[in-house]
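According to Swiss-Prot, the protein has these features:
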SIGNAL    1-20  signal peptide
BINDING   HIS265, ALA266, ARG267, GLU268, ARG323, ASP340, ARG341, SER398, TYR399  substrate binding site
BINDING   HIS265, GLU268, HIS397  Zn(2+) binding site
DISULFID  CYS334-CYS357  disulfide bond
CARBOHYD  ASN381  N-linked glycosylation site
CARBOHYD  ASN387  N-linked glycosylation site
COMPBIAS  561-571  compositional bias 'Acidic residues'
CARBOHYD  ASN571  N-linked glycosylation site
Amino acid sequence: MHILQVITGATLVSVPFVSAIPSSTSEFLPSTAEQNSAVLHSQGRSPPRLWTRLRDSIIETIWRVPSRQHNPSRIPSSLSIPRAPSSIRARYGDDVVLRFTIRSQNDVQALIEASNILFLDIWASTNEWVDIRLAKDVVSSLLGLLPSSLRTAHVPIIHDLAQAVYESYPQPVSSVPNPHHAFSPSVQQSSETQNIFFQDYQPLSVIIPWMRLLASMFSTHVRLVNLGTSYEGREIVGFRIGVRPANADLPTERRKTIVITGGSHAREWIGVSTVNYVAYSLITGYGKSRAITKLVEEFDWVLIPTMNPDGYVYTWETDRLWRKNRQENNLQFCPGVDLDRTWGYEWDGSDSRSNPCSEDFAGDGPFGGRESKVIAQWALNETNHHNVTFVGFLDLHSYSQQILYPYSYSCTNIPPTLENLEELAIGIAKAIRLTDHEHYDVSSACEGSVSSHKKRRGAALRSMQSAGGSALDWFYHDLHVRYAYQLKLRDKGGYGFLLPKKNIVPTGKEVYNAVLVFGQFLLGRGAQDIDWEGDFQFPAHSRPNVPEKEYRGPDEEYEISNQLEDDDNENDTLLGFRTQKV
């Protein structure tokens, strides 16, 4: 067992748990299924090996982890999920989430106007539907503002938001819930169910020590970068993964760099976890996977798990559904700006975006958000003074399962590299689909999700959430990043921002495979002698029969024959598109 597995588990145990629900942590109880599963594991597991017993003994002694000996008879035979406590009920009341089916641009405009009047929280929108959060007693007011075509074109997707929020929080742990698996945070297929870090969402107080641990353990190709400080003084930390010439902080040639970000909107926890998953896969795959080794040698990868640390902490401590950052505004009772509306390119402060109480408040001017400003300054400084050329940008959000390319601010202005943007986006969508059969739509960020038959008819509708001032447009236009995308991750609305923890690893695998496709495309001809498909990660239930391989170093040559068929049973290979050397 790798020593990293031991230390990482111990780090997670030793970091105090950040209470997700103030004053009510004692009300968390594991589900019946989880407890029964724990009993079955304890009864059916073979005795641990000597090294395992020694390892656990050391950890238990140093970090005072309780012994794994327990009495299964003390576990209740039947437990139901408790009702949300009063603190949650007081905040979310009788709120629900409704999905409206849209059929025309008039429907979109009507929903925009009504939502602005009532200051409603638009959760997500596509070319076919819009999800809106509102109190039950506001439903009649909303319907009264809508045309007849929309008054019956809606269904509830979350009936009791307070209960859904309560059930989305991780349960506090005073000890390791399953000590046999506690110190094995590998992302390898065989250890998927034993990975303690990715078994649940993690607070910032756990993420930062975990990042420092990885940087110290893999110092040959990993270091932490501090991009600046947030409004409340927290460091905005990222991984820089890449192999540079020895003792050369300033490379002689411009270093091609790819940026992957998450957590711009605080409530989108799956984006934070997915950035961490991809980072871990790149870090631990170097020297073992020929594909990853090539990517780490040819590019620097800067991965920023949360661009909005203040907002992210606030979602753990106070309001799970907080979206904006936490800076003060002219209205003291409506703090925060939507960071993804504050970037400098085509900033738009009109309509609801000029109201500090709006969920998409764009601030008082370009770069009015503290965090977007410092990240932009960092990127410009890297370009102007550190010989860096940014060649790729992936901004992870949730939800609705979409791959969006520039522009967000306009559907009439066409990006000059549209053909290449669409080609790579389709390749990314295909990689995700082959991972776990999840379908991601591809479109311009100014539109909703556009199916192919609607696109042929010219029926694309402008998205309710498209706007100027996005990170996507700024990186593409102002920083001249040729391949910039926003990925809206799982799901399509069953849970929305409250995606259950069982989706963390599958979503991570989807985006990891997408990153492989992304890097392969940017490598151009240099990628042609590598079996990229052989390095794909698959969930256990959908993993194809491919031969196992072991890569012992950057110079080792090997050949593996493996062809994957797509969902339409076509005979083309997954990565059969044209590559583009950048």
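The backbone N, Cα and C atoms fix where each Cβ goes, glycine too.
Around ARG323 (substrate binding site), the same-chain residues six or more apart in sequence whose CB sits under 8 Å from its CB are ASP121, HIS265, ALA266, ARG267, GLY311, GLY336, ASP338, GLU359, listed in sequence order. Using the Cβ center of HIS265, GLU268, HIS397 for Zn(2+), the list of other same-chain residues with Cβ within 8 Å runs, in sequence order, GLY262, GLY263, SER264, ALA266, ARG267, GLY271, ARG323, ASP340, LEU396, SER398, LYS488, PHE497. The number of other CB atoms found within 10 A of the CB of TYR399 (substrate binding site), across every protein chain shown, is 23. The two recorded residues TYR399 (substrate binding site) and ASN381 (N-linked glycosylation site) have their Cα atoms spaced 32 Å from each other. Between ARG341 (substrate binding site) and HIS397 (Zn(2+) binding site), the C-alpha separation comes to 14 Å.
Comparing C-alpha positions, ASN381 (N-linked glycosylation site) sits nearest to ASN387 among the recorded positions GLU268, CYS334, ASN387, HIS397. Most Cβ neighbours within 10 Å, among the binding-site residues HIS265, ARG267, ARG341, HIS397: ARG341 holds that distinction in the structure as shown.
Nearest Cα neighbour of CYS357 (disulfide bond) among the listed recorded positions (GLU268, ASN387, HIS397): GLU268.
A Cα-Cα distance of 41 Å separates CYS334 (disulfide bond) from ASN387 (N-linked glycosylation site). Residue environment of ASN381 (N-linked glycosylation site) contains 12 other Cβ atoms, counted within 10 Å of its Cβ in all protein chains.
DSSP classifies CYS334 (disulfide bond) as coil under the three-state reduction. Each residue contributes its Cα atom, and for HIS397 (Zn(2+) binding site) and ASN387 (N-linked glycosylation site) those atoms are 29 Å apart.
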